[in-house]
Amino acid sequence: MDQKNGSSFTGFILLGFSDRPQLERVLFVVLLIFYLLTLLGNTTIIALSRLDPHLQTPMYFFLSNLSFLDLCYTTSTVPQLLVHLRGADKSISFAGCVAQLFVSLGLGCTECILLGVMAFDRYAAICRPLHYTVIMHPRLCALMASASWFIGFANSSLQSGLIFLVPLCGRNKIDHFFCEVTPLLKIACVDTTENENEIFFVSVIILLIPVALITFSYGQIVRALLRIKSASGQRKAFGTCGSHLTVVSLFYGTAIYIYVQPSNNYSQDQGKFISLFYTIVTPMANPFVYTLRNKDVTGAMKKVFCQDYDSR
């Protein structure tokens, strides 16, 4: 960052919803409840996938990765937002803003890739059932999960570095509730067209390649499902695939709205509420989407809780 941002520059002001004090009070209560549900739901998924041997499969390995990711993603933004909603001080340090952008962007990119990997897992399970354990070998699963995290944070390192090299000339009021790409570029004092084009190009790649993989996987899955003669087999396959597609729709719908659109069409107010959706609503909903119709998970919950009760 250049000298004008320089040594006297101490941080940013996150305006958030400060122009709507009544809304801030309501949001504090709602977001606190959602955050606690997010912690509970995702921690439960991770714990069950470790405690129950029946859930130690590739599908639940990736699901526990997703739950851990959602825990980190929500925690990178929501606790600070809750503090800002309850107090007059809306500041964030320069280092804190850099860290927040790096972590949230890295986790968001990782989730894009991980959801594509999970679609491939469902494809292998349903379309290649006899070879599933060979295809989805534990080493391959670990490699694909590690690659998702590595690519996500490698991209975040590049994007964050480029964004904070843009001169701000002392401007420090960010019209958002956390350090996000588009609002940061809005306060730049130079033309950011090149940066916006570069971010748009990378976003298209990060978002659309997994979408293409998901589309291909589910195209094959639908064909395979139509050949399954067992009604119970069809219901189980539709249950796991339906859960994954619901999560995919929630995540990609909001991400595409935020990142894959021309900047002159971007509405700051709409962007805040859409960001609320993918930073807190989607991570909170994911565990419930995967467990409500999933007999494996509900069975594991009953088993673990009954064992705990019996041990007392």
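Start at 1 and count along the chain as shown; that gives each residue its number.
Each Cβ is built from the backbone N, Cα and C atoms, and glycine gets one as well.
Copied over from TrEMBL, here are the features:
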type	residues	note
TRANSMEM	26-48	transmembrane segment
DOMAIN	41-290	domain 'G-protein coupled receptors family 1 profile'
TRANSMEM	60-78	transmembrane segment
TRANSMEM	98-120	transmembrane segment
TRANSMEM	140-158	transmembrane segment
TRANSMEM	199-226	transmembrane segment
TRANSMEM	238-260	transmembrane segment
TRANSMEM	272-292	transmembrane segment
Report summary line: Long-range CB partners for the transmembrane segment (60-78) (under 8 A, at least six residues beyond its ends), listed in sequence order, are 31, 35, 38-39, 41-43, 45-46, 48-50, 100, 103-104, 107-108, 110-111, 114-115, 117-118, 121, 138, 141, 145, 148, 177-178, 247, 279-280, 282-284, 286-287, 290
**Report entry** For the transmembrane segment (26-48), sequence-distant contacts whose Cβ falls under 8 Å of one of its Cβ atoms, 6 or more beyond its ends
**Finding:** 17, 55, 60, 63-64, 67-68, 70-71, 74, 78-79, 81-82, 85-86, 276, 280-281, 283-284, 286-288, 290-291, 297, 300-301, 304
Query raised in the report: Cβ under 8 Å to the transmembrane segment (238-260), counting only same-chain residues 6 or more beyond its ends: which ones?
Result: 59, 66, 108, 111-112, 115, 118-119, 122, 125-126, 181-182, 199-200, 203-204, 207, 211, 214, 218, 221, 225, 271, 274-275, 277-278, 281-282, 285-286, 289-290, 293-294
Report summary line: Under 8 Å Cβ-Cβ from the transmembrane segment (140-158), and at least six residues away from its ends along the same chain, one finds 58, 61-62, 65, 101-103, 105-114, 117, 120-121, 202, 206
Report summary line: The predicted model's mean pLDDT over the domain 'G-protein coupled receptors family 1 profile' (41-290) is 86
